[in-house]
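**Student:** TrEMBL lists these features:
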- Ser741: active site (ACT_SITE)
- Lys784: active site (ACT_SITE)
- Gly347, Pro348, Pro349, Gly350, Val351, Gly352, Lys353, Thr354: ATP binding site (BINDING)
- 1-10: compositional bias 'Basic and acidic residues' (COMPBIAS)
- 1-194: domain 'Lon N-terminal' (DOMAIN)
- 650-835: domain 'Lon proteolytic' (DOMAIN)
- 1-27: region 'Disordered' (REGION)
Amino acid sequence: MGSDSEERGLKGSADAVGDSQKQDGKNPQELIHWHNSCGNSIFIQVLRGVAARALQLSRGVEKPSGRVTYIVVLEGLCRFSVQELSARGTYYVARINRLDLTKSELEQAEQDQDLILLSRQFKAAAMELISILEQKQKTAGRTKVLLETVPVHRLADIFVASFEISFEEQLSMLDSVDLKVRITKATELVDRHLQSIRVAEKITQKVEGQLSKSQKEFLLRQQMRAIKEELGDNDDDEDDLAALERKMQSAGMPPNVWKHAQRELRRLRKMQPQQPGYSSSRGYLELLADLPWQNVSEEPELDLKAAKESLDRDHYGLVKVKQRIIEYLAVRKLKPDARGPILCFVGPPGVGKTSLASSIATALNRKFVRISLGGVKDEADIRGHRRTYIGSMPGRLIDGLKVVELFQPTFYTFLYLLPLQRVAVSNPVMLLDEIDKTGSDVRGDPASALLEVLDPEQNKTFNDHYLNVPFDLSKIIFVATANRVQPIPPPLLDRMEVIELPGYTPEEKLKIAMKHLIPRVLEQHGLSSEFLQIPEDMVKIIIQRYTREAGVRNLERNLSALARAAAVMVAEQDCNIQFSKDVQPMTTSLLDSRLADGAEVEMEVIPMNDNRPEISNAFASASVLVVDESMLEKVLGPPRYDDSETAERVATPGVSVGLVWTSFGGEVQFVEATAMVGKGDLHLTGQLGDVIKESAQIALTWVRARAANLKLSTAGEINILENQDIHIHFPAGAVPKDGPSAGVTLVTSLVSLFSQRKVRADTAMTGEMTLRGLVLPVGGIKDKVLAAHRYGIKRVILPERNLKDLTEIPSQILSSMEILLVKRIEDVLEHAFEGGFPWRRHSKL
Ligand code: ADP
């Protein structure tokens, strides 16, 4: 049955045909009520139909609801149009007209060129469909015969009926009386069917390809496993996982963590080692197994006397610092779970911060873990990355706590390494090194994560994002180090007790070197004083000419370099020395290249715990090697510093000597000013911050305002900048500088430039200056005076209000220097120039 779709509606005279289903109650004659394939009702006005003969009627199985389905097989006879429709009983009766063409009409129509073309297209599409189907099922061969025998217009009907199309499309096919329309529609439908078959085929091919690849892999792996079993080889993966499980069992995890770990292990067991998540899951379980969940090192009764002795034995001087550490230990002894402050050692590099922290660990008989926080900008460095990230890792704290295989360095480290298993404990002394070097950026604030770590309330259940289960950090004793206090975020600083370790004086350095560094260096290199002696004079030379530092790190490096060179010399001198078979002597070419290399001084000290008596004994037979100046030059190269540097730098007017404070301790900073033809502009270079730039501006303003009083200009010449620009430079240009303490140095350099008088080479200065010429106090006085002393400077100009800071400076330094305290900038100028500076006191300004 069919209808003209555009004529669908409720109006018009209705005709109906055949065994249509239900009628609309109101107007049965006009409307036929259909159920479409989706079960929705549609009302259509029937104008056309298809006459059919019922071939078969079969009864389906009765459903529990009592409904029975019947299946009718119909054979279509012809299309017709409805002339008249009348209801008779429950049926409709219609007068109809045949629509299909008669035989003669058909023959005529087949002559039409368009139809011939369309038929050809349809047959081609149908042929293609058949050949595709033929590959899948043999029955398609019969359809091929049809294609050759049955006329095209019938074929169109047959073909379209053979595959699934929508009910509407079926209706519209029946409705297409016109041959051309019918064949075009049929071609479209066949084409679409072809395409859908092709796409489906492509998808199956892809899936099949993938399947077969993984199936192949699986098969091969199974075979491999079978071969291994046959050969008696154990399966590595299985073995590995069993070992991992054993390790996990002995890790002593709390019950909830153990459950979590087991779940993860089950997941791992189901995976193939080549699978993407395998290694990440395995790494995670390894970490869980490596963490010290319960393992603690036994803490015997603390012997304060022994601790004091050990501190004294390892460190020279530092009386106050050691006293504070003993106090800290005493409190811990009386109340082991006391929430004492976190000690934070602040000072320049190489002053013994790390070694003091490790002494605390030794005194408490705890393990020592060092975590470097320098350059940590990402919160995830402390708290870990979530495991969803590719390449995720635990934070540095958790990572620092796990068991690691260390390679124990030995003598001749470059020749071999001995693996050494370290036992992890949950109660070590943990050094948070360089806590002032953490910064925050878009990736979060590590300081806030650190706060959580250091907070006794929160660190019991520290949650590392990678670990994803709480870990107890409360048994750890934290100690921190920093170069400077200022960059430490205030909330973090609030939790810590700052213990300052300023730099050492040359005398202290000498004592440290003679008492501690030289014996240690000799021991580390398997030498003894019977072979190598470094006299005091030579150590003094190293301190003065080869190092210019607040701490003793470079000093230690230089001493190590001497010890290494000495060891090599003996190896060269006496080839008959019998080394044990795992120690090999160095070759001559290596020695030459090492001695010739000036960069040797920069090499790291290689700690060597292994004392090898055979070397010392061998050396004992040789004569004692006493280090002299020529050996110093040969091994360390020509001296790097001398006291004449300051004199050379201030040889021209416009240069003054300032004292600054950096994270390396105090430093001497030269300020250079020069004038050139210009329009009165001020140029500043040397990576300066805003504060120091403003200081320069203030200094220039002050000098210009006082130009006449300073006799820098004649009374008539008001503007000393007329037709000239001023350029001020702070070497070293690559180091960023900031702060107000260069004020007095800037003025001195400008006055020196305009007056064309040289400043004194033996005088350095520091102090902030106001626009009115008052000199204000500044920080870091001790470090600055020590730096001046290192440079061989004899006089230091300081703000008067810094007088109180002088008590921190060792008396032998103070007695060897002249400290000049000033209130006003005029006093600075008076001291900075040879013979004072002429200053017209009764000025109108
Ligand atoms: P920091 O951590 O302050 O940079 P280190 O603790 O690493 O410095 O010290 C560098 C070296 O100097 C270490 O070998 C240390 O033992 C030694 N050292 C520093 N100060 C002293 C001291 N007062 N007495 C003995 N040795 C010292």
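The first residue you see is number 1, and the count goes up from there.
Using N, Cα and C of the backbone, Cβ positions are placed for all residues, glycine too.
TrEMBL annotations: computationally assigned, not manually curated.
Each of the listed features needs to be described in terms of its position in the shown structure.
**Tutor:** Ser741 (active site) falls within neither a helix nor a strand when secondary structure is assigned with DSSP, and so counts as coil.
Classification of Lys784 (active site) by DSSP places it within a helix. Neighbour count (other Cβ atoms within 10 Å of the Cβ, all protein chains): 29 for Lys784 (active site).
Mapped onto three states, the DSSP output places Gly352 (ATP binding site) in coil. Neighbour list (Gly352 (ATP binding site), Cβ cut-off 8 Å, at least 6 residues apart, same chain): His315, Leu318, Leu501, Gly551, Val552.
Across the residues of the domain 'Lon proteolytic' (650-835), the predicted structure has a mean pLDDT of 86.
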**Student:** Between Lys784 (active site) and Gly350 (ATP binding site), what C-alpha distance do you get in Å?
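**Tutor:** It is 17 Å, counting Cα to Cα.
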**Student:** List the Cα distance (Å, whole number) between Ser741 (active site) and Pro349 (ATP binding site).
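**Tutor:** Each residue's Cα considered, Ser741 (active site) and Pro349 (ATP binding site) end up 22 Å apart.
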**Student:** Would you list the other residues of this chain near ATP - those whose C-beta lies within 8 angstroms of the C-beta centroid of Gly347, Pro348, Pro349, Gly350, Val351, Gly352, Lys353, Thr354 - in sequence order?
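**Tutor:** Neighbours within 8 Å of the Cβ centroid, excluding Gly347, Pro348, Pro349, Gly350, Val351, Gly352, Lys353, Thr354: Phe345, Thr481, Leu501, Ala550, Gly551, Arg553.
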**Student:** At 10 angstroms around each C-beta, which of the binding-site residues Gly347, Pro348, Pro349, Gly350 has the fewest other C-beta atoms nearby?
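**Tutor:** Least crowded of the binding-site residues Gly347, Pro348, Pro349, Gly350, by Cβ count within 10 Å, is Pro349.
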**Student:** Tell me the Cβ neighbour count for Val351 (ATP binding site), meaning other Cβ atoms within 10 Å of its Cβ, over all protein chains shown.
**Tutor:** 27
**Student:** Anything from the recorded positions Pro349, Gly350, Gly352, Lys353, Ser741, Lys784 with its Cβ under 6 A from ligand 1? List those in sequence order.
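**Tutor:** Those recorded positions that pass the cut-off, since their Cβ is under 6 Å from ligand 1, are Pro349, Gly350, Gly352, Lys353.
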**Student:** Which entry in the list of recorded positions, Thr354, Ser741, has its Cβ near the fewest other Cβ atoms, using 10 Å as the limit?
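**Tutor:** It is Thr354 that, of the recorded positions Thr354, Ser741, has the fewest other Cβ atoms within 10 Å.
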**Student:** Sequence gap of 6 or more, Cβ distance under 8 Å: name the residues on the same chain that satisfy this around Lys353 (ATP binding site), in order along the sequence.
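**Tutor:** Within the chain, Lys353 (ATP binding site) has Cβ neighbours under 8 Å at Phe345, Val346, Gly347, Thr481, Leu501.
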